[in-house]
Amino acid sequence: MNTRGLRSQLKDTVAVTGLCPQAGAYGVQDTLRKGFTSVKNELLPSHPLELSEKNFQLNQDKMNFATLRNIQGLHAPLKLQMEYRAARQIQRLPFLQSSNIALDTLRGSDEYIGFEDILNGKNVVGTHMR
Amino acid sequence: MATLSVCQIPSSGFSFDYCKRNALLEAEITKLGFNAPAARKTGTTICGLVFKDGVILGADTRATEGMVVADKNCSKIHYISPNIYCCGAGTAADTEMTTQIISSNLELHSLSTGRLPRVATANRMLKQMLFRYQGYIGAALVLGGVDCMGPHLYSIYPHGSTDKLPYVTMGSGSLAAMAVFEDRYKPDMEEEVAKQLVRDAIAAGIFNDLGSGSNIDLCVITKSKVDYLRPHDEANKKGVRAGSYRYKHGTTGVLTKTVVPLDLEVLEETVQTMDTS
């Protein structure tokens, strides 16, 4: 397993020197969730599926584009990626979360229900707004 | 602040935040001599068989949680689409959620194509999902149905491999059920003979395997109809008590009786309307 650059794969944060390397949201070690500090804790993923799930959509896209290129030629993935880029740019105001409806339609994920649609904290009984 | 993080929406789907903590806790608990809570499994006997007009799926109805029976009459034959049903063995929550997700996706897909869904489509969707999670979703399934190309039967393992066969068994009682199938299966059987064979295979699993028990459910799928027989046969009936063990009124003599009235006064009365919309 390639451990070089593994830390950058696991985390989306840039570590600031001088502070605890495993800082959570408030700058201190999140002992309850992440356990005690250790180098091994930081470099290795906490679950074998963590990395594969993080990059799943990217890898799927890469594979699909490569297949498309082999079948139809370079123009097909090129045009599609241009459309994805254009759809990704349709956003709301800077601090608002976009619904990504154009992107979903392009990807075909508007007709697909996965775990991300169920396990998103919104379907818990009794948490609806009045 | 302390770290510069990419501004992200909270991620949905599986979260691996607590994995390290859980591993630590489990190690600590085992040191003290206790066991971590076990997931509810359906240590099971499920089987399926292709007969002349269609497919018959059979299952027992016991769900276990470690060494205790958690549910004496659980339903293991799940609906996928009007012409496709799926039996599930393994972790109960995993089989339940997986079959529900695939059922929803298959419904969306069939609305998009405008046709009755095919069993091969359901099989492909299931195997791709189970392989994606590398066997961590503990769902062993027997998928059967009748579509435009005839009756089909698949067995799907938790890691994502599938087999297309005329008769399959899964679960902890699969060996007992397979023994019955191997002895008496013939291609192109009649419906009644096939139902009896599936019933006997599940009964073999019930009586010879600790993880299977209670009743036998059957699901007969043909081109024109689906018969969901629940329960088809109650193999393990709870015994009826032979005598009555209740004490008659007046068995214990009353010696004294004291009545103490409690003086309570109403201090405050509030009405809270219920939202019954």
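Using the three backbone atoms N, Cα and C, a Cβ is placed for every residue, glycine included.
Unlike curated entries, TrEMBL annotations are predicted automatically.
As annotated by TrEMBL, active site, nucleophile applies to B:T44. Mapped onto three states, the DSSP output places B:T44 (active site, nucleophile) in coil.
If you look up TrEMBL, you'll see B:235-271 marked as domain 'Proteasome beta subunit C-terminal'. Proximity of distant same-chain residues to the domain 'Proteasome beta subunit C-terminal' (B:235-271), defined by a Cβ-Cβ separation under 8 Å and at least 6 residues beyond the stretch ends, is recorded for 202-203, 206-207, 213-216.
B:T44 (active site, nucleophile) is surrounded by 34 other CB atoms, counting those within 10 A of its CB over all protein chains shown. Across the domain 'Proteasome beta subunit C-terminal' (B:235-271), mean pLDDT in this model comes to 87.
The DSSP breakdown of the domain 'Proteasome beta subunit C-terminal' (B:235-271) into helical (H, G, I), extended (E, B) and coil residues amounts to 0 helix, 0 strand, 37 coil.
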